[in-house]
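*Asks:* Have a look at this one.
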Amino acid sequence: MASEQPVEAAPLGGSLSDRISKPDEPTASETPEQTSDQADGASAPLGGSDLREPEYNVEVKLSDLQADPNNPLYSVKNFEDLGLDPRILKGLSAMNFRKPSKIQERALPLLLGNPPKNLVGQSQSGTGKTAAFVLNALSRVDLSTEQMQKTPQALILAPTRELARQIVGVVSVMGQFLDGLIIGTAVPADINNRPKRLECSIAVGTPGTVMDMIKRRIMVPNKLKVLVLDEADNMLDQQGLGDQCIRVKALLPRDIQVVLFSATFPDHVHAYAAKFAPNANELTLQHEELTVEGIKQLYLDCSDEEDKYKTLVQLYGLLTVGSSIIFVQTRTSASEIEKRMVAEGHTVASLTGGIDVTKRDEIIDKFRSGEAKVLITTNVLARGIDVSTVSMVINYDIPELHRPGVPERQADFQTYLHRIGRTGRFGRVGVSISFVSNREEWDMLNQIQRYFNTEIQRVDTKDWDEVEDIIKKTIKNTRANAQFGKQ
C-alpha cells in the first residue's frame, strides 16, 4: 500500500451607476516579500478545477516528425489500452475515472512511450492533467526492492505548498494499491523538522525547498527518472520560482524525462518551456468556448469600504449554508476582517502567505473537513485548490492587476475566473458575489462583464429579505448556469 512520508508538515444605498462617489484610495498590493499589505499569489492564469471546456480540441505537435499518427497509441479512448499495471487501473477506478479526458487521450500515450520523451502541455485545472502526470510517474517508478522504494525516482514541482499537498493526495489515492510506494513532501517548514534523508519513491514539493534539500544531500537525485513542473505560468509570475526550477533541473540526471504543464503560453512561457523541456512533444488546447457551469454571478453595491464590511457581516448567515471563501486583496485586509468578525462573535478563519506553514496546513484541513465554514484569504487560494463543499465565493475586493506607474485600475480577468471557480464544483450549484464600493471598482466590474461577454446580476441591498431569497433560491436550485461567451 502507498504511504506518505510526513517529511514536512506538509449595504446599503442605491445603484452605484446612479450616483457619483469619490474613489477610495486603491488597495493595490505591495510586492516586497514581508509587507503586511502583500497580495498573496501571482495573477492566476485562466482556468480552474471545474471550469469545463465542452468544445475544445487538443492539437499535438510531435518532436519526432516521423512519428506515426495512425499508431494505436497516438490517442487512446480507454485506460486499459495503455497496458497499465492493474493496480494503477484499480487506483484510477477508486478515483472514479472511467475513461480518459481529452487531454489524457493525447498526453498519456506520449508520456508513457519508450524511450521516454519530454512533454510540454497546455492544460487548465479540471482537464485531468494532474492525473496524467501522476499516472506517468507511478508507471515509471521501480518498487521491486525496499531500497528502491526509499529512493526518489519521480519529482513533481508545484508553485505553492497547498497545491503540492493536493498533488500528494492524488498520488496517494491513485497509487494506494501499489505495495511499497512511499510519497515524500518537500515544502517549506521548520528546518529543524527536516529528516536527515528523504526516503520516498515519489517526491512532491516547491522549488526552493527541493533545491535546498538536494544541496544538503537530504534528497539524493541521481535515480530520478521523471521531473514534472506543474503550472509553469504561475511559477514564472512569482518572483524567482522559474529560476529556481532551472537550478533544480541542473542538479538532476541529464536523461530525466521532463514534463511541463501550463494553463497559458504567452511568449515568455513558451521560451521558458523550450529551454526547460527541450525537444518535447507539445499539446495545446484549441478553445472554442469556455463555460462555467453551476455558478450564479451577482454583485452588491456598497457606499464605501466600511459599508463593504457591514454588508459582509449581514451576509454571514448565508455564508454558513455550505462553505464560503472571502477573497481580499491584501494580507492586512484579511487579518483586519477576521479580527473584527471574531470579536463580534462570528466563526471565521483567515489563510494568507504570511501565516506559519504548519498553521496554514491546519486551517485548510479544517476547511476541507467542514470544521471551518468561512475562510478569508488572498490569491494564495485562488488557484487549483479543490474543496467540494464551497457554495459561495465573495470578491470582497475585485481582483486587479498590479501595474506600477499606471493610474487606471485594471481588473484581473484570469484571477476572477479562478476565484469564482472555487464554487459550483463537481456539479453542485454555487454563487459568486462581488462587492463594488466606488467608481473604479464599478469600472473593473464592467471590464469583467465585457471581457467574458456575460452579465453579472445586481442585487439591491435595500431589501435584505430579497437578497437572502435570491441567494437561497440559487443555492437550492439543481443547477444555476452562467456562460461566458466565445473568446
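Residue positions begin at 1 at the first shown residue.
Including glycine, each Cβ sits where the backbone N, Cα and C put it.
Annotations per Swiss-Prot:
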REGION    1-51  region 'Disordered'
COMPBIAS  28-38  compositional bias 'Polar residues'
MOTIF     77-105  motif 'Q motif'
DOMAIN    110-283  domain 'Helicase ATP-binding'
BINDING   SER123, GLN124, SER125, GLY126, THR127, GLY128, LYS129, THR130  ATP binding site
MOTIF     230-233  motif 'DEAD box'
DOMAIN    311-467  domain 'Helicase C-terminal'
*Asks:* Per DSSP, LYS129 (ATP binding site) is which: helix, strand or coil?
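*Replies:* Going by the DSSP assignment, LYS129 (ATP binding site) falls within a helical segment, counted as helix.
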*Asks:* If you draw a 10 Å sphere on the Cβ of THR130 (ATP binding site), how many other Cβ atoms land inside?
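*Replies:* Result for THR130 (ATP binding site): 26 other Cβ atoms within 10 Å.
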*Asks:* Measure from the Cβ of GLY128 (ATP binding site) and count the other Cβ atoms within 10 Å, all protein chains considered.
*Replies:* 18
*Asks:* Tell me, how many other CB atoms lie within 10 A of the CB of LYS129 (ATP binding site), whichever protein chain they belong to?
*Replies:* 26
*Asks:* When you measure from the Cβ of SER123 (ATP binding site), how many other Cβ atoms are you left with inside 10 Å?
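*Replies:* Its Cβ shell of radius 10 Å holds 26 other Cβ atoms.
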*Asks:* Check the domain 'Helicase C-terminal' (311-467) for me and report the mean pLDDT.
*Replies:* 83
*Asks:* Does DSSP give SER123 (ATP binding site) helix, strand or coil?
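*Replies:* Its secondary structure by DSSP: coil.
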